[in-house]
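Novice: Straight from TrEMBL, here's the annotation block:
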type	residues	note
TRANSMEM	B:15-34	transmembrane segment
TRANSMEM	B:40-62	transmembrane segment
TRANSMEM	B:74-93	transmembrane segment
TRANSMEM	B:105-130	transmembrane segment
TRANSMEM	B:177-197	transmembrane segment
TRANSMEM	B:228-250	transmembrane segment
TRANSMEM	B:262-292	transmembrane segment
TRANSMEM	B:304-323	transmembrane segment
Amino acid sequence: MVNLPPPEILLQLSLNGALGGAMYGVAAVGLSLIFGTMRLIFLAQGAMIILAAYFARALFYGLGIDPFLSLLIVVPVGLVVGWLVYQGLFRRAAAAEDRNISLLIAVGLMFLVQNLMTVIWGGNTAAIVTSYTASGIEILGVRTSFTRSMGFLIALAGTGLVVLFLRQTIVGKAVRAASEDMEAATLMGISPHRVNAIAFAIGIALAGAAGVAVATTFPFNPFAGFIFSLKALVALALGGIGNVAGALAGGIILGLIEAYVQYFISGGWTNAIAYGVFLAVLMFKPEGLFSRPYKKA
Amino acid sequence: MLKQAFLERAWPRQAWIGIAIAVVAALALLPLLPGAIDSYTFSFLFFVFIYAIMAQGWNLVAGFGGQISLGNHAFFGLGAYTTAILWSGNYLWGSLYDAYPRLYYFDPVTMVLGGLVAALAAVIIGLPLLSKLRGDYFALGTLGFGEIVKVMFINGGDFTGGAFGVVAPAGTFDTLLPHYVVGLGLMVGTALAIHLLMRSRYGLALIAVRDDEMAASANGINVLRVKVSAFAGSAFIAGIAGSLYTYYIFHVGPDSVFDLDWMLLPLMMTVAGGTGTLLGPILGAFVMYAVFDLARIVVPDYHPVISGLTIILAMLFLPKGLMRSFGGRVRVV
């Protein structure tokens, strides 16, 4: 029988887990958009997050731009980069029957970005240390760092904006339609390439936002991204593929699972249990934890 | 009649068979050249063989079977660990091994066991995954499975050596010749086995399931059994490749044998060579590994960048793979 720890520790665990998991969530929202329209497992998402982290770091140490302020640069750059990445790399492959091709281009992009970062910035661990990195906030007797809370806010804001975009704009509607049935959407006059490019632009922009959150919270290195890709995939599956808000929730759930496993079992098993939950969800509830029965994904 | 037409379309022309025999003969005779055994080419070719075997295994489940597995590195690692554990613990040959440790290169029993352990794992994970999941979801599931296996070996305690891994008894080999010969033999043997398999009833069933699951099922094919056995066969091949690698590397650790590269590179080689073709994986392994290795020698600092670029360029400009771009009248779908 496990001894339950005092409530403030449970609360602390939950808070840390949720705040950390929100970062997987925001990465998963981007993956969800790309997967939804292109049916592509975009394994390079994590590498793009770390690239954004290095970019934010360069802006901070090179030009003295505060990392959170640099969101104003990183996110628009991410939109442009995402658009270009689609047009340059995936446009032709997206039309191909064989979806291995897109998957492998993503893998090639991951190799390329990881190793370019190693060439440019070296393979060592990097971090952003600002005057407020060490400062914390206390809510209801539970402490958390300022940067983690900011990361959480970024995730909420990013997901919120994407949800608004998908619900309120005509372009967003097109993206949603394409996610549900690309063929039917095409028949309705939606251009698959434009929808794919938009999904990519937003996906990479979200990777940029996640990158800023990562850069201010954790030390990172060029190869730290892949684990983010995997965790984002898990979050995506938990939330239900094609469900954007669910992806954020999935990330938070994953963060909670990790925090609890770390405390109650051991740090070494965190990943195995997280992936075990992932497999179980894929098998028993492939439409995600939040789908309503009448709405098949 | 229909079957005949299908086979004619599905398999490369006689010319390819002739070329293949000539290449295999040349590779087999290579060790007879003076100085060849000590040359760099030898170890290069050994790695090509391992990758070609892995690629062939992935091609079985994904190219012919249509189920994209992203977990083949786990089967490679399982085969490698099985071999290292049996070897270092000397579980199989007892006094015989103690008496002649220098004679121990490759024993087929250990290698087959490595393959069987991987195949068993594939059946255990494949039954639930393949009965429930299709397409991308299966790919995601196998990716998760690979990570779980890796964590289990890191946490395996003394049995798996934890994060450090298992070291096999050193000093048993001073030439690469046996590795070369066994590698070549396995590459050729795997290709022949898959060739025969694909000409059999089972091969037709596998392709039928890939092309139209519903129609295959309506024609009395047990879809789940066909899929799971292809997955297990793929795992068996990967396990044997892992076993072969252990005899070369001696030290088996979670980060080396469960490295994602053991899944991604063979996948890439297969697609570059031509998925669903018999010679595609082998050709892809030769060409892509040559490019990577050349980059490693010529621009050592940038070689992973070049590898990434090569993958992207190959996919952009040769999406059908070498075999189907230059191979003449081969399988089209």
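Residue numbering: from 1, along the chain as shown.
Note that Cβ sites are derived from N, Cα and C of the backbone, with glycine treated the same way.
Can you walk me through where each of these features ends up in the structure?
Specialist: Within the chain, the transmembrane segment (B:40-62) has long-range Cβ neighbours (under 8 A, six or more residues past its boundaries) at 27, 30-31, 68-69, 72, 75-76, 176, 179-180, 183-184, 186-187, 190-191, 194, 197, 230-231, 233-238, 240-241, 244-245, 248, 262-263, 265-267, 269-270, 273, 275-277, 280-282, 284-286, 288-290, 293.
Counting same-chain residues at least six beyond the ends of the transmembrane segment (B:105-130), those with a Cβ under 8 angstroms from any Cβ of the stretch are 67, 71, 74-76, 78-80, 82-83, 86-87, 92-93, 138, 141-142, 145, 149, 172-173, 178-179, 182, 224, 227-228, 231-240, 242-244, 246-247.
Counting residues 6+ beyond its ends, the transmembrane segment (B:177-197) has Cβ neighbours under 8 Å at 24, 27-28, 31, 37, 42, 45-46, 49-50, 52-53, 56-57, 59-60, 64, 105-106, 203, 233, 237, 240-241, 244, 247-248, 278-279, 282 in the same chain.
With a threshold of 8 Å between CB atoms, the same-chain residues lying at least 6 positions outside the transmembrane segment (B:228-250) that come near it are 46, 50, 53-54, 56-58, 60-62, 64-65, 67, 69, 72-73, 75-84, 87, 105-106, 110-112, 114-123, 126-127, 130, 167-168, 170, 173, 179, 182-183, 186, 190, 197, 202, 206, 256-257, 262.
Tertiary proximity for the transmembrane segment (B:304-323) is limited to same-chain residues at least six positions away from its ends with a CB under 8 Å from its CB atoms, namely 12, 268, 270-275, 277, 279-280, 283-284, 287-288, 291-292, 295, 330.
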Novice: Please report, as numbers and ranges, the same-chain residues at least 6 past the borders of the transmembrane segment (B:74-93) whose CB is under 8 Å from any CB of it.
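Specialist: Those are 54, 57, 104, 107, 109-111, 113-115, 117-119, 121-122, 142, 145-146, 149-150, 153, 159-160, 165-169, 234-236, 238-243, 245-247, 252, 254, 257-258, 262-263, in sequence order.
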